[in-house]
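Participant: Just dropping this structure here.
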Amino acid sequence: MIIKNAGQIITFDSEGNFKLIKDKSIVIENNIISDITDNKNNDDAIDASNMVVMPGFIDSHTHLAYAGTRENELYMRSHGQSYLDILNLGGGIHKTMNDTESSGEDKIFNETIKRVDESILNGTTYLEIKSGYGKTINGERRLINAIKRIKSIYRNVKITLLAHAVPDNINEYDYAGYFINNMIPAFKNDVDFLDVFCDAGAFSRKSTEMILEAGVSSRLKLKIHADELKNIGCIDLCKRFNFTSVDHLLNTRNDQLNYIKDSGAVATILPVTAFSLDSDYVNAQRFINKKIDVAIASDASPASYNSNMIFAIYLAVRYCNISLENAIKAATINGARSLKIDESTGSIEPGKNADLIILDIDDYKKLPYMYMSRLVRYSFINGIKIVDNFNLIH
């Protein structure tokens, strides 16, 4: 297959710097990018004249798998109630855990696949999907099975086992023990990562450490939600654990940045959540100045019902003190780094999987400017067309 006459091709050089190639063709053979060359043609060539070809978005942090909705919380927040206020009233994560725990696998799958389809239509070609809304081992099994069914359709899915919240009326350390003794052994062979929500209203630093130790013993790669609501010392755990990414970081102090840098973790910022919760945005440049790789992800969830990575890029450029070029890098190759898949995807270069999108714009600088428009004319996952003329192909 050939993508010919590409007006602009976005990729990155060997040092990871943004690189723009104009008026070239991309040759794809056996679902792999084989060449970027002078314009070629064949009967099946896709004409990308006056369009932008770029790596598909790597949405490296999502909570897309669940049952139920939480639209009432929008109106609660509009009347001044905070995330923690809603949580303490039995809403937030607790409501979704109850809804998901009481739902069958088919219901979870049918609701989740619709959200995944929306993400794909907006240019995502690789997804991480977390569990975490099942209170019991059976609830988590239904959730993880639903995610595995989605992976059988789209292939480019990583699964994360998430210690998300302590169910109502259960002691935190008792539940951490339940998670360690039941969840991790049951699912360690079904998932790619272990994640813990370490924050006020979730897991304390001590119980987080206990869960992470069990993850290490089970040879799981680690992630952590940290410093979203308050700074309770979770980032200090970078000194002990090898995280692939540390995510949220709204309240991370400057003196803690070296812990992230020294660990080699990717710092994932989630501007759509800041928008949805009307909270402060992360200053991404603080991390970039420390030579820390920054990723952008959607954090799509019942609290922030938006998986549009183009909107995430818009918010990052507008509010997170990051250039458009670095934001695109954060939403592609750095997202791939956070999932340990950057050797095979996240950039357009020979030898990598053909995970790419063709945008119906003539200049990449219009990407965040036109964030409310349908921009993804074509999308390819592993060289297979999944969006054709703005329509999804299953």
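Including glycine, each Cβ sits where the backbone N, Cα and C put it.
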Participant: Could you look at H94, H225 and say which one Swiss-Prot places alongside H61, H63, D299 in the Fe(3+) site?
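Facilitator: So the Fe(3+) site in Swiss-Prot includes H61, H63, D299 plus, from the candidates H94, H225, H225.
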Participant: With an 8 Å cut-off on Cβ distance to the H61, H63, H225, D299 Cβ center, who else from the chain surrounds the Fe(3+) site?
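Facilitator: So the additional residues around the site are T62, K130, D247, H248, L270, T273, A297, S301.
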Participant: How many Å separate the Cα atoms of H164 (4-imidazolone-5-propanoate binding site) and H225 (Fe(3+) binding site)?
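Facilitator: Rounded to the nearest whole number, the Cα-Cα distance is 9 Å.
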Participant: Near Y133 (4-imidazolone-5-propanoate binding site), which of the binding-site residues H61, H63, H225 can be found within 10 Å, Cα to Cα?
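Facilitator: Qualifying among H61, H63, H225: H63.
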Participant: If I take the alpha carbons of D299 (Fe(3+) binding site) and E228 (4-imidazolone-5-propanoate binding site), what is the distance between them in whole Å?
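Facilitator: On Cα coordinates alone, these residues lie 12 Å apart.
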